Amino acid sequence: MTVFGPKPSRRPNRYMVVFICFAAIVFDGYDLIIYGSTVPSLLAYEEWALTPAEVGTLGSYALLGMMFGALASGPLTDRFGRRRVLLGCLILYSTMMLLAATAPTPAILGVFRFVAGLGFGGVAPVAVALVVEVARPHERQRLNAIMLAGLPVGGVLAALAALTFLDEVGFRGMWAFGGIALVTVVPLAWRYIPETAPTTSSKTPTAGRSPLRELTEGRAILALALFAVANFAGFLLVFGLNTWLPELMRKADYDLSSALTFQLLLNLGAVVGGISGSALADRLGARRVAPITFLVATVAVAVMASAPPTGVMAVATVAAGFGSIGTQMIVFGYVATYFDTDVRGTALGLTTGIGRLGAVTGPTIGGVLLSNGLDNPWVFGFFGAIAILGGLACVVIPARRTERRVEPATAATAINH
């Protein structure tokens, strides 16, 4: 038996699967969001003398890698199974974070972050597909949200770690912490994550047709395109705000400790909002809930742009976390429950991969706006416009003609293959 070989067939414990996927997403979130926490330190690092635009570009390298990783993960998981791809992504991004901490130049740092991004991008689509397949129909959005809450939990840990250790270990030490997944989550995933049956070999009425072909026919392609737009908007908000919020708060005359506290509030809002919003989506449907949460993001960043008193700014920051990261958690679950099992991995990979362009765009445009001397209202206004775009995309996603759910027994059979 190899490390990537299938485990003995057995019914999976869905809560163990959710926990391991949650832990993988926690490190994914930490590794991505810790960069924003270290932006002020990078700008102050005299040896590299980076400008805000250059720091934003470096931040985008990992996000560009995420786009390619997400695009590749869908077809790979549908062909080879979720477990192999999840393990590969975990090992890849953990190793690259350790190497990033040793980067001697910005160019080499960019290479390490891009390769790490390939792993970052692959984890979420695989984890979402795993959780949806092991969950019971009535709990899919809720368990999916709990698992995806790992992203803002990772952000909370990044902000807390930066507040506690940044002055002592510097930005390199903060990045190295992300490699801990190599000796914690990877062994757990190898032991407990069951293998899925490659869906391309399933004996269904559509056998012989590729998932990509099914997704480019009829209403499916319109839904796929609109989900990609919603993902683009969501990812832009998530990574744009997490990259630049500490620096924006510094520009608003808060000290570094207070600026990092706002990033902590952003991610706390995402944890609470994402889980509660997804539970609401289980009751009312993600099609109704996602546009509302995008609207929350729009209002929140508009308030932040007005430079309100500290208390109001704190509340608005929590709401922005709910409306940005929390919304992205709901959209992930929406995609996973909208498409059927035989095309789910490919649909998640495509919509996430295309949407990752937003993750690249957010930090880059934020850096360009700040480098050109534009004030905070312009940056927050840009984020607000993007939230409106995401909400509109969710409103016009066509309703499914039929709801072909994966029954628990069917899901268990697929997982146990």
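From the backbone N, Cα and C atoms, a Cβ is placed for every residue, glycine too.
Values in this document were obtained by computation on a predicted structure and should not be read as measured data.
For reference, TrEMBL has these:
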type	residues	note
TRANSMEM	15-35	transmembrane segment
DOMAIN	17-402	domain 'Major facilitator superfamily (MFS) profile'
TRANSMEM	55-73	transmembrane segment
TRANSMEM	85-105	transmembrane segment
TRANSMEM	111-132	transmembrane segment
TRANSMEM	144-166	transmembrane segment
TRANSMEM	172-193	transmembrane segment
TRANSMEM	220-240	transmembrane segment
TRANSMEM	260-281	transmembrane segment
TRANSMEM	288-307	transmembrane segment
TRANSMEM	313-335	transmembrane segment
TRANSMEM	347-366	transmembrane segment
TRANSMEM	378-397	transmembrane segment
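Highest Cβ contact count with the transmembrane segment (220-240) among the listed stretches 144-166, 172-193, 260-281, 347-366 falls to 347-366 (criterion: pairs under 8 Å). Per-residue confidence over the domain 'Major facilitator superfamily (MFS) profile' (17-402) averages out at a pLDDT of 85. Counting only same-chain residues 6+ beyond the ends of the transmembrane segment (85-105), those with a CB under 8 A from a CB of the stretch are 3-4, 21, 24, 27-28, 31, 48, 69, 73, 76-77, 112-113, 115-123, 126-127, 130, 172-173, 175-176, 178-182, 185-186, 189-190, 193. Panel annotation: around the transmembrane segment (347-366), residues 56-57, 59-60, 63-64, 66-75, 77, 121, 124-125, 128-129, 211-212, 215, 224, 227-241, 243-244, 332, 335-336, 338-339, 379, 382-383, 386 of the same chain, lying at least six beyond its termini, place a Cβ under 8 Å from a Cβ of the stretch. Nonlocal intrachain contacts for the transmembrane segment (378-397), taken as residues 6+ away from its ends with a CB within less than 8 angstroms of a stretch CB, comprise 223, 226-227, 229-230, 232-234, 236-237, 240-241, 244, 248, 287, 290-291, 294-295, 297-298, 301-302, 304-305, 323-324, 327, 331, 334, 338, 358, 362, 365-366, 369-370. Stretch with the largest number of CB pairs closer than 8 A to the transmembrane segment (288-307), among 55-73, 144-166, 313-335: 313-335.
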